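Feature annotations, reproduced from TrEMBL:
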- C110: active site (ACT_SITE)
- H414: active site (ACT_SITE)
- N436: active site (ACT_SITE)
Amino acid sequence: MGSSTSKPVSIPAAVDEKRAVAEVAASLSTLSLATPTSSDGSLTLSNISSWEEQINADSKAQLARTVLVHSNIRDALVSRQSHIDTTHIFNHEIDFKTDPVTNQKSSGRCWLFATTNVLRYDIMKKLKLKEFQLSQSYLFFWDKLNKSNYYLELMIANADLPIDDRVVNHLSGDLISDGGQWDMAVNLLENYGVVPQAIYPESTHSSLSGPLNTLLKTKLREDALLLRKMSAELKAASVSADAVTVALRAEKEKLIKEIYKIMTAVLGVPPMPDKKFVWEYYDTDGKVGRWEGTPLDYFKAFSSKNYPAKESFSLVNDPRNDYSQLITIDRLGNLWGGRPVLYVNTDIENMKAAVVKMIKAGVPVFFGCDVGQSSERTAGLMDTTLFKYETTFDITLGLTKAQRLQTSESAMTHAMVISGVHLDVNGKPVRYKVENSWGDAVGHEGYFVMTDDWFNEFVYQVVVPKSLAPKELVAIYESGVAKVLPPWDPMGTLA
């Protein structure tokens, strides 16, 4: 990055074409083209018999059959050396440890837990709190309500598209996902503030979101069809486009009221962002503290003055797309008219450098990754050499990061917090300390360790304050000129 591109050498088209043909011919000359057992592509018993004869002569394959038929392959093939090498020791950590380790339970709210886990550092340090959580449920409520509104607005905007159009079909899939992104979290914080968990505690269905989501999705899909029908009838009656929109939004508000009624019954009525509440607490010395104000006041009073949430943005590593460019996902968001989801695509080394800089500055790092890849939750290990699949089965698993995205093998599925890093003698990262939101019964008392190789392959995003980010990347973010990826692009997967 930062260096000028070299000038391409001009090659005559005829010469270039001849070279390409020669390269293809050379490649084909080394290709071994075998004759299939089945000429029509079906799987035949002769295939199976031939394979079985070969495998019966393979002692390693026979041992694998003896052992693995009785075992979970993830347990049986875990690398002992990986457990030895990947230790929970870090020579650079955030200077303040928060408690308790949070637990999202049976919900997909990891991004809200990662957000509130980042925010609570400053609050706990300022007020000298031993244990403290912000209300993830409070942000969850306002996010879910706004996503319901966002979906119905999209259905109004796309009412003229066929019901089986790919865009409409995709938007009606996981329409009110528990997941989200940093920019969505900023939307919530700026519009609704935040409250301590004691003010709006967990409910059954904030911790077990599936039943509520099923009900809301069914209701919203039915509402979408109602709005589409109404739109068609109004347009058939030659009602103006502006008047149609007004009528549809008036009807939509009635429908969202029904969603609000369901949510408040199931999750409880949340504090209004502009209404005062009283919060009382003990500090580490046993002294009683008292705070009074609105959720918006609370967020303003306790959010970081040096690194405010709205001044942080996402760096991502997507090798399919050019680096040093801003990207966004079409029709992705939670607050209608709110802050868009934006990523600055950059080299993985820039992301790691940003993480190291933030940890040294005492700033915890919100990051997005594919946590299910080559990870083990009991010991809390995230390591590309964790499982011995290739040596056991004599196979090669060699997809690149770009290929995983292209084939739906991987995507950004989980958000957590980096709170430490171990650097080698040359200042290069070796491993990272990760604060998860799965409770303290997994990992090392709730913390995971991530190797640098795993970061390269399965970390897609880090959120960095502008003041700690490379100036050239800040400039790209502030340009606002983004490449728009389609709604179904894997970078639109919500953590």
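Heads up, the Cβ atoms here are built off N, Cα and C, so glycines get one too.
A distance of 8 Å separates the Cα atom of N436 (active site) from that of C110 (active site). Note: the Cα of H414 (active site) and the Cα of C110 (active site) are spaced 6 Å from each other. Spatially close to C110 (active site) yet at least six residues away along the chain are Q104, G179, H414, A415, M416, S437, A495, judged by Cβ distances under 8 angstroms.
Fewest Cβ neighbours within 10 Å among the active-site residues H414, N436: this applies to H414.
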